[in-house]
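In what follows, a single structure is set out as structure tokens and then discussed.
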Amino acid sequence: MINHPEIIVIFPAAGIGKRMGYKYPKQYIKIKNKTILEHSISLFIDKIYVKKILIAINKKDYWFNKLSILKNKKINIVIGGKSRTESVISALKFVSKVDWVLVHDAVRPCLHKNDLNKLLKVINISPFGAILAAPIYDTVKKSYGNFISHTIKRNKLWRALTPQLFNLKILINCLKIITSKGEIITDESSALEKCGYKLNLVHGRSDNIKITYPEDLNFANFFINNIKE
């Protein structure tokens, strides 16, 4: 068994996800009789080192209370904000007595336990944190309107995945600085980058996909059925 210090896991889950075309947020779409959110949470619930799981939901969320996972004592609900950053900040207000936090996408249900273990090992070598990431193998184009501007060299490009691991005090401080400047970020590691911190990249599996479009459901269903252990 791998030993880790106690951590708290945050799920920003206040988004609406209108691109999926459903009448309810995409985290509540079911795959194998469980919602995407439940699949995303499942890997963390039974971990001894996970002290608490904070789920930031929309104040108009009528679906979460129907989930059976709410009965688990580790699960705590907080009201999220209009943006991902606001939701994470809301959850951080309820974090105490730990040095490390994980932030994981509510609609990333295919996380593999080996990737999680690799990420947590960074606690032993970095005082700041790390993110799971996957190298980009596709050719990447910079656009100018609807035209190609130029091709970007991909040898140093990575796709940021989640979960992302952070020293609690550093994350809180960096988010405070970024929001005070009115800057918009799309993940928490960007806040630390802008504050000058160097985070480790941990090579993660490419099947750790984020559900964004309807076609992603087919991939997630395949991975959950055949790959996830």
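Every residue gets a Cβ built from N, Cα and C, even glycine.
Per Swiss-Prot, the feature site 'Transition state stabilizer' maps to Arg19, Lys26. The site 'Positions MEP for the nucleophilic attack' feature in Swiss-Prot is assigned to Arg154, Lys210.
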Review point. To which of the recorded sites Lys26, Arg154, Lys210 does the lowest count of other Cβ atoms within 10 Å belong?
Key: Arg154
Practice item. Could you check what DSSP calls Lys210 (site 'Positions MEP for the nucleophilic attack') once collapsed to helix, strand or coil? Key: coil
Practice item. Determine, to the nearest whole angstrom, how far the Cα atom of Lys26 (site 'Transition state stabilizer') is from the Cα atom of Lys210 (site 'Positions MEP for the nucleophilic attack'). Key: 11
